[in-house]
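Trainee: Sharing a structure with you now.
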Amino acid sequence: MSSLGKLIRNENMKIYRRPRTWLMIAFLVLAIGLMSGLMKWDAGSDDHADWQQRLSQQNAQLQQELQDNEKLDADEKTDIGNRIKLNAYYLDHDIDPNELSLWNYVNTSASLTILVTILTVIIAADMIAAEFSWGTIKLLLVGPASRSKIMLSKYIATMGFALLLLLLSFAAAFGAGGILEGFGGLSRPELTIAANGAIRESSMIADALQKYGFAVISLLMYVTMAFMISAAFRSSSMAIAFSLLFMLIGNSLSALLSGYGWVKYLLFSNIDLTQYLAGASPLRPDMTLSFSILMLAAYYVVFQFVAWLLFTKRDVAA
Amino acid sequence: MSDPVLQLRNLTKTVGRRNIVDDLTFDIPAGEVFGFLGPNGAGKTTTIRMIVGLISMSRGEALIKGVSVRHHFELAMTHVGAIVENPEMYKFLTGYQNLVHFARRHEGVTKTRIDEVVALLGLQNRIHEKVKRYSLGMRQRLGVAQAILHRPSLLILDEPTNGLDPAGIRELRDYLRKLTKEEGISVIVSSHLLSEMELMCDRVAIIQAGKLVDIRSLQETRDSAQSKIVIETGDLPAAQRLLASAFDPSLLTISGIGQLELAADKSAVPHIARLLVSAEIDVLGIHAVQKSLEEQFLEITGGEMVV
């Protein structure tokens with residue numbers, strides 16, 4: 001009987017022995033390099049020498065507006081007050097808020113996890129359908145491994161690939177940031193104003209990891225969906241096409257239809273949990289964080305179950 | 001006879017309302033090359049795919065070395081090596097990597113064993129090349145290699161010669177013979193080509209419309225083959241009249257222009273010759289022929305055999 005570990009090694013061999021996979025990895029690293037270069041180039045066009053003077057000027061202007069403009073409501077007043085407080089804090093602690101540190105690069109790379117998601121979706125959609133396209137499914141299934149075990153090994157290998165890409169994009173951004181700005185800015189804090197008006201220092205790495213964390217949730221959902229689609233199709237190009245299509249039009253579809261009540265039950269309406277962070281507003285006012293988490297969990301279970309049903313119960317006749 | 005290597009018990013596959021495979025029950029003895037023979041669409045492939053778990057069974061059971069395929073699939077499959085039609089391999093991997101892939105599924109297939117199988121099939125020169133550069137014959141050999149890595153007791157081949165040229169078919173046949181002899185493997189092979197089965201198999205099950213028609217040993221079939229006598233004559237009606245009175249008329253048929261066939265033994269030839277000559281009927285030729293296997297199977301399946 002086959003051990004799961006060996007089956008996973010087989011699936012890994014089939015992923016990493018294909019030149020396509022290495023093109024994807026090179027593409028990702030290149031994209032992060034390019035992004036970092038652009039950030040550096042863009043920041044270089046500003047002059048940072050007189051940042052203290054500019055912050056003081058800005059604060060004076062904000063102060064003026066607070067006094068002169070009588071149409072401001074309470075929210076706007078606290079907002080302006082907070083900005084003044086933050087600027088004063090920067091000046092007191094000699095921190096240039098516009099100076100790039102390597103964390104800025106890591107933070108921006110978190111928005112590139114969409115790329116990681118797309119690449120992993122392609123791999124996932126290919127995972128089962130390709131065996132049918134190649135005709136290798138027959139030899140794969142006729143062996144001392146149950147279909148459930150084969151499917152699990154494929155899913156784990158796919159997730160391993162996603163993890164590799166995530167680590168790689170984090171490391172590439174960290175490296176690029178370190179090379180371009182030096183590793184000195186590692187300990188620089190992220191400053192935010194808490195609800196009670198106090199200034200809070202939090203670590204930049206926590207902020208970056210939070211961004212990555214939200215991205216991983218949508219990655220997990222899209223990849224699992226693609227895996228299910230892969231189990232449904234016998235042609236890998238069809239499976240890839242449909243997975244990417246759903247992923248790319250899903251969000252705009254949800255936004256477009258957000259007027260209807262039932263939209264909140266769509267996967268795409270719940271997949272972005274950052275809509276519940278402070279300062280953002282959810283797609284529909286009646287949606288809550290726990291509702292979205294529940295919906296995502298339900299979709300995840302359904303995707304896995306349908307994929308399992310399709311893969312284990314189907315007759316391989318062709 | 002030793003314990004059967006494969007037992008089928010009321011094996012049935014229903015699609016819609018039709019039974020593609022209908023209530024097959026028989027045992028396949030160990031140590032033989034056993035053929036599934038039948039016209040296209042008779043249910044051979046479906047039967048084989050049910051045995052190896054590619055297609056679910058609607059009813060019944062298949063036991064490999066006494067282990068139920070339905071209930072203990074993983075255990076049952078440890079005894080089986082299979083080639084289903086043309087073995088498709090991972091083309092972007094080398095031959096060797098493909099073998100490593102299939103070896104990992106089994107316990108205890110060592111590197112030495114892989115090398116041994118590679119040598120047995122004569123693949124050592126090109127085993128580290130990508131499979132996409134292999135010819136169909138080489139892929140077939142790699143398919144056989146993959147199937148025997150774990151020393152299975154049963155090798156199942158489904159239409160293994162589809163798409164092979166005559167040289168490739170011959171090559172495969174030689175390997176199969178070598179395997180049964182050297183590794184003591186039982187083989188089940190399905191084909192619609194009688195000529196091929198005749199050369200490969202010890203015993204065949206004839207399947208038609210999903211049902212078992214007969215199981216027979218090819219050797220016995222050959223031995224018991226009926227013979228017939230073909231008579232060519234210048235005066236067919238007279239010869240027919242004469243022979244119908246001398247023999248049982250039901251044994252006599254007209255088989256061509258001026259040609260009669262009589263189902264009888266060689267020993268009847270002199271008697272027939274004397275009869276015809278004394279009645280002054282022109283004799284152009286008399287000879288005895290054995291019925292070919294093909295004709296016999298055509299008889300069994302009612303003329304439906306595709307050869």
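Note: Cβ is positioned from N, Cα and C throughout, glycine not excepted.
The following feature annotations were taken from TrEMBL:
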TRANSMEM  A:21-39  transmembrane segment
COILED    A:48-75  coiled coil
TRANSMEM  A:110-134  transmembrane segment
TRANSMEM  A:155-180  transmembrane segment
TRANSMEM  A:212-233  transmembrane segment
TRANSMEM  A:240-263  transmembrane segment
TRANSMEM  A:289-311  transmembrane segment
Trainee: Who are the long-range neighbours of the transmembrane segment (A:21-39) in its own chain, taking Cβ under 8 Å and residues 6 or more past its ends?
Mentor: 15, 100, 104-105, 108-109, 112, 115-116, 119, 122-123, 161, 164-165, 168-169, 172-173, 176-177, 180
Trainee: Under a criterion of three or more Cβ pairs within a distance under 8 Å and sequence separation of at least 6, are the transmembrane segment (A:289-311) and the transmembrane segment (A:212-233) in contact?
Mentor: yes
Trainee: Any contact between the transmembrane segment (A:240-263) and the transmembrane segment (A:155-180), i.e. 3 or more CB pairs below 8 Å with pairs at least 6 residues apart?
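Mentor: These two segments do not touch.
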Trainee: Considering every residue in the coiled coil (A:48-75), what is the mean pLDDT value?
Mentor: 78
